[in-house]
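For reference, the structure is listed below as structure tokens.
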Amino acid sequence: MKLILLGPPGAGKGTQAKRLEEAHGLVQLSTGDMLRAAVAQGSEVGKVAEGIMARGELVPDDVVVGIIADRIEQPDAVNGYILDGFPRNVAQAEALDKMLAGKGTTLDAVVELGVDDSILLKRIETRAAETAGGPRADDNAEALAKRLKVYHEQTAPLIAYYKAKGKLRTVDGMKSMDEVTGQIETVLGISKRKGSWLSRLTGKK
């Protein structure tokens with residue numbers, strides 16, 4: 001299964017991705033982790049990214065897509081993966097789709113964790129209070145408001161893009177973590193046993 005999790009900051013994407021990884025053998029692919037790994041490995045695209053980052057510049061979408069293209073060919077991604085932190089806008093989504101099409105594949109689903117902004121604020125405040133050493137710098141109302149504004153501006157068109165393609169699945173992210181996990185498994189047609197998602201997505205048993 002090739003999957004994207006969408007949701008605003010504090011929605012619990014990381015937790016849900018980790019649960020899917022552990023229960024269903026999907027590997028969580030973080031854009032930042034992939035960039036650092038590509039640089040460390042000295043791959044061709046990693047060297048390009050290293051030079052760009054050394055200049056303090058943002059890594060272009062085509063370079064990030066190239067790194068993703070290399071990463072999903074690795075053995076641990078054979079059972080599927082969850083993209084974390086990419087795409088963030090429609091242009092990136094189109095570039096990702098083009099790359100996957102070139103490999104003769106496509107995304108299976110895009111899961112949106114729907115969470116009310118006011119609930120997110122409470123979650124962030126709770127997380128900040130529980131963090132050892134004091135609140136994280138970005139865990140305050142002003143920082144969250146800015147992050148949510150950027151998220152909504154970028155992601156609203158992205159949600160519409162995947163909805164038009166029939167890929168979007170939306171769950172109620174305001175439920176408990178266990179309930180959200182259950183919803184995700186339900187909309188994807190997967191059970192606690194690995195591999196059962198295939199029959200739901202393809203109609204084959």
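A Cβ is built for glycine as well, from the same backbone N, Cα and C atoms used for every other residue.
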Site-mate of G10, A11, G12, K13, G14, T15, K175 for ATP in Swiss-Prot, selected among R55, R71, R127:
R127
Which stretch, out of 112-125, 126-139, is listed as region 'LID' by Swiss-Prot?
126-139
Measure between the Cα atoms of every pair in G10, A11, G12, K13, G14, T15, R127, K175, the residues the record assigns to ATP, and report the largest value in Å, rounded to a whole number.
17
Rounded to the nearest angstrom, how far is the Cα of T31 (AMP binding site) from the Cα of R127 (ATP binding site)?
23
Cα distance (Å, whole number) from K13 (ATP binding site) to R88 (AMP binding site):
14
Out of A11, T15, F86, K175, which of these binding-site residues shows the lowest number of other CB atoms within 10 Å of its CB?
T15
